[in-house]
Amino acid sequence: MKTPRAFYQPLAIGAPSPYRELPVALERMIHFVPPHLEKLRAKVPDLISKVDVILGNLEDAIPADAKIDARRGFIRMAEENDFGKTGLWTRVNCLNSPWFLDDLMEIVPAVGNKLDVIMLPKVEGPWDIHYLDQLLAQLEARSGITKPILIHAILETAEGVKNVEAIAAASPRMHGMSLGPADLAASRGMKTTRVGGGHPDYSVLADAAGEAAPRTAYQQDLWHYTVAKMVDACLSYGLKPFYGPFGDFSDPAACESQFRNAFLMGCLGAWSLHPSQIELAKKVFSPDPAEVAFALKILEAMPDGTGAVMIDGKMQDDATWKQAKVIVDLARLVASKDPELAQVYGL
Ligand code: GLV
Ligand code: MG
């Protein structure tokens with residue numbers, strides 16, 4: 001294991017120093033754009049004000065014969081737009097693909113100073129992060145990049161889930177992780193063809209109450225274990241956990257419910273693969289105004305965060321003060337970007 005001092009050293013002479021703390025950023029939705037399609041690239045200027053993060057997708061869903069166009073399209077998209085406070089990410093092809101190396105070799109020198117985060121798919125263990133970390137440092141040094149490009153891992157293989165803590169700890173470049181339920185289902189041999197969400201047959205049957213009484217099946221969350229494991233790994237290393245894709249665009253209620261479960265468990269955002277999912281993510285990953293109002297009451301009642309008070313019949317103490325702070329800190333971040341919500345929150 002590296003010593004703490006070495007952990008924060010740049011990995012190439014001339015590369016920017018790694019961050020000690022992640023930059024503060026609102027990332028409720030990571031909006032996927034297929035950059036080989038000019039028609040969709042043309043929507044980017046309008047999207048910038050509507051989403052928190054724009055991601056140029058180079059990996060799955062991009063046909064093999066469009067991989068180079070997607071990479072070049074991403075570079076153009078990055079060059080031609082001013083993203084302001086909206087994050088600019090790309091999902092590169094996976095490490096063992098024929099495209100990964102050129103994705104890095106072309107994108108970092110061309111637009112590395114505008115790129116906030118590289119999403120790395122199919123991460124199996126810390127060795128994958130170490131490789132990208134070193135390569136990025138070399139490319140940053142050679143291209144005169146002034147701020148470190150962060151790494152976001154997709155958790156989407158059985159081995160990756162097994163190694164999730166080591167992945168989180170692999171580099172100060174780690175930004176966070178997203179659950180990739182489609183690849184993960186395949187890797188684990190799960191019997192579902194859905195991209196995220198539940199499955200009607202994954203359920204618990206109520207006890208039998210006599211021959212005639214109907215028995216109710218209660219659907220369970222297929223992703224609970226993995227999201228929980230990812231949240232613990234991320235938060236213990238100061239990283240950000242995200243739910244990934246929800247593929248059934250015709251079922252916004254199920255998407256909202258999947259996003260909300262992730263939010264309640266600690267996730268900060270999800271992917272939007274369709275414009276209709278942008279508003280859903282915004283709604284779910286901005287804290288509920290009633291919850292913010294109650295959290296503000298707790299903070300006001302316990303100015304130094306210690307002791308015990310009763311509010312609306314509920315006991316509050318140092319721990320609930322911390323819970324309230326999580327919600328109010330997020331609400332303040334949302335309010336700094338969204339004047340409408342700032343007013344609703346009274347912040
Ligand atoms: C995302 O990449 C997934 O495999 O779900
Ligand atoms: Mg995947």
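Including glycine, each Cβ sits where the backbone N, Cα and C put it.
Per TrEMBL, these features apply:
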- Arg91, Glu156: substrate binding site (BINDING)
- Glu156, Asp183: Mg(2+) binding site (BINDING)
- 38-195: domain 'HpcH/HpaI aldolase/citrate lyase' (DOMAIN)
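Locations of recorded TrEMBL features on the structure.
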residue: Arg91; record: substrate binding site; Cβ neighbours (10 Å): 26
residue: Glu156; record: substrate binding site; Cβ neighbours (10 Å): 27
residue: Asp183; record: Mg(2+) binding site; Cβ neighbours (10 Å): 19
Quiz item: How big is the gap, in Å, between the Cα of Asp183 (Mg(2+) binding site) and that of Arg91 (substrate binding site), rounded to a whole number?
Solution: 15
Practice problem: With the Cβ under 6 Å from ligand 1 as the test, give me the qualifying entries from the binding-site residues Arg91, Glu156, Asp183. | Solution: Glu156, Asp183
Exercise. Take the domain 'HpcH/HpaI aldolase/citrate lyase' (38-195) and average the pLDDT across it for me.
Key: 98
Quiz item: Helix, strand or coil at Asp183 (Mg(2+) binding site), per DSSP?
Solution: helix
